[in-house]
Each structure stands twice: as C-alpha cells, then as structure tokens.
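Copied over from TrEMBL, here are the features:
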- 7-186: domain 'Guanylate kinase-like' (DOMAIN)
- S14, P15, S16, G17, A18, G19, K20, T21: ATP binding site (BINDING)
Amino acid sequence: MAITRRGLMLVLSSPSGAGKTTISRRLLDEERTLFMSVSATTRARRPGEVDGRDYFFVDPTEFNLMVNRGELLEHAKVFGNYYGTPRGPVEEALAAGRDVLFDIDWQGTQQLQDSAPRDLVSVFILPPSTRELERRLRARAQDSDEVVAARMAKAADEISHYPEYQYIILNDDIERSVAAVRSILAAERLKRERQVGLPDFVKGLREGSGDD
Ligand SMILES: Nc1nc2c(ncn2[C@@H]2O[C@H](COP(=O)(O)OP(=O)(O)O)[C@@H](O)[C@H]2O)c(=O)[nH]1
Ligand SMILES: Nc1ncnc2c1ncn2[C@@H]1O[C@H](COP(=O)(O)OP(=O)(O)O)[C@@H](O)[C@H]1O
C-alpha cells in the first residue's frame, strides 16, 4: 500500500505592494506541483489582463448565481468589487495531490480557515516599512497618485489582520522571502495528516509485508 499526499492550500495575503505577486510568480516557476487558483471577479478587466488567466471576469448577476449555486469556496467584497474562488478546480487539485496557491484577502482566508482548516497554510507578507511600501507601489508605475494614496490608506487595515495567519514573512529581500515560502511548503507537505494511506502502510511495515 503506497502513501500518497493530499494537496494543500497555500494562501499569500499582504497589503497591496508588499510583494505577493512577485513571490507567487517565482514559486509558480519553480514548483512543479503548485497551481494558481484563478478567482472570479466583478471588477473591470485592466489592460493586459486575460480572462481565464488573471481572473474570470463576470458581471454581478453571474457572480450572484455562482454564490447561490454554491460554486465558490469563499467570496468577499474588496475595494467595492466582488471576488470569489471557484470550488471545482481547487477540490480536484487537492484530491490529486497538487498544491494550490491563492492570492486572496483576509476575509477569504478566514472563510477557508473555517471550512478547510486542515488543508490551509496561510502566510502574511509584511513590507519592511511604510516608506518602502509606498516606494514599491510607485515603482510598479501601474497606478495613479490617487490609487496609490487609496492603497496606502487601506494598508494599515490589511496589516491589522496579520494575527489570523500561521506564518509571517517580512519581505525585505526577495530571494530570502521566496526561500522562506519554499521552506514552509517543504515542511507542510510532510505533515502526517496530509499523508493518505499511512496507517495501512505502517500496518504493513509492522507485519513485515512492506516490501510488495
Ligand atoms: N476573498 C478574496 N479576495 C480576493 C480574491 N481574488 C483577489 N482577491 C483580493 O482582492 C484584492 C484586490 O485584487 P486586485 O483587484 O487584483 O488588485 P491588486 O491585487 O491590488 O492589484 C487583493 O487583496 C486580492 O488578494 C478572491 O477570490 N477572494
Ligand atoms: N523584496 C523586494 N524588494 C524590492 N522590491 C520588491 C520586493 N518585492 C517586490 N518588490 C517590488 O514591489 C512592487 C510591488 O510588488 P507586487 O509583487 O506587485 O506586490 P503585491 O502583489 O503585493 O501588490 C513591484 O514593483 C515589485 O517588483
């Protein structure tokens, strides 16, 4: 009887600009069994974003239907728009032993903590300072001054939710932050509760039949 592993849900949350997209991209490049969960959202598509890759862009009626049909694992209103995680792809991946990466906010993380505490690995990413957070938001050069100001105003509120997360990474040096998430993944993958077929395997070992 072989041991297989159930996949895990790796959530990265942070105030906007702290670095979660940068860290996620690096992890997805390096980790063969890690897949990104693509959320549904009612927010408008930005230039360069691709439907089905960055988000599933839906209208509020369609979003409501998804909620009412129970198709979302979690959902929340963020910055005035609705966001939610489609259930099907995540459940399939976990059952097949693949890990799923989520870029969701604290509200969604709380819902996953309630509905699937054993599968959840939650990581909060902090910026080294407020000054550096603002510098990164400006360096990204994607947003207007007003949008940067609005994101800075939201940052303190986001950061106040750090105690709800299992792991904290201060994203000063990007290489060290990526290495830190990889260490978390490596340890979490070995957790006893994730190993499927372990009791039978150990029983076989004890009975001296582990070689077949
Ligand atoms: N709860 C929840 N939050 C989400 C989901 N998808 C994205 N978010 C969060 O919504 C916020 C805004 O995302 P987005 O519109 O892409 O803007 P940006 O990430 O700040 O550039 C971020 O904090 C995301 O983590 C989701 O499916 N569920
Ligand atoms: N450790 C770091 N040191 C310096 N700059 C960083 C670091 N991590 C991310 N950045 C930069 O900060 C900006 C915001 O990062 P991003 O990953 O888009 O943040 P988020 O997804 O959390 O909004 C980007 O320009 C990115 O290149």
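Residue numbering: from 1, along the chain as shown.
Cβ atoms here come from the backbone N, Cα and C positions, even for glycine.
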Winner by Cβ contact number (other Cβ atoms within 10 Å) across the binding-site residues P15, G17, G19: P15
Reported mean pLDDT - the domain 'Guanylate kinase-like' (7-186): 95
Collapsed DSSP category at P15 (ATP binding site): coil
Residues close to ATP site centre defined by S14, P15, S16, G17, A18, G19, K20, T21, Cβ within 8 Å: I125, P127, L133, R136, N171
CB contacts for S14 (ATP binding site) [other CB atoms within 10 A, all chains]: 25
Cβ-Cβ neighbours of S16 (ATP binding site) (radius 10 Å): 21
Among S14, P15, A18, the binding-site residues whose C-beta sits under 6 Å from ligand 2: S14, A18
Number of Cβ atoms other than its own within 10 Å, given for A18 (ATP binding site): 27
For the binding-site residues K20, T21, the one whose C-beta sees the most other C-beta atoms within 10 angstroms: K20
Close-lying binding-site residues around ligand 1 among S14, P15, S16, G17, G19, T21, where CB distance stays under 6 Å: S16
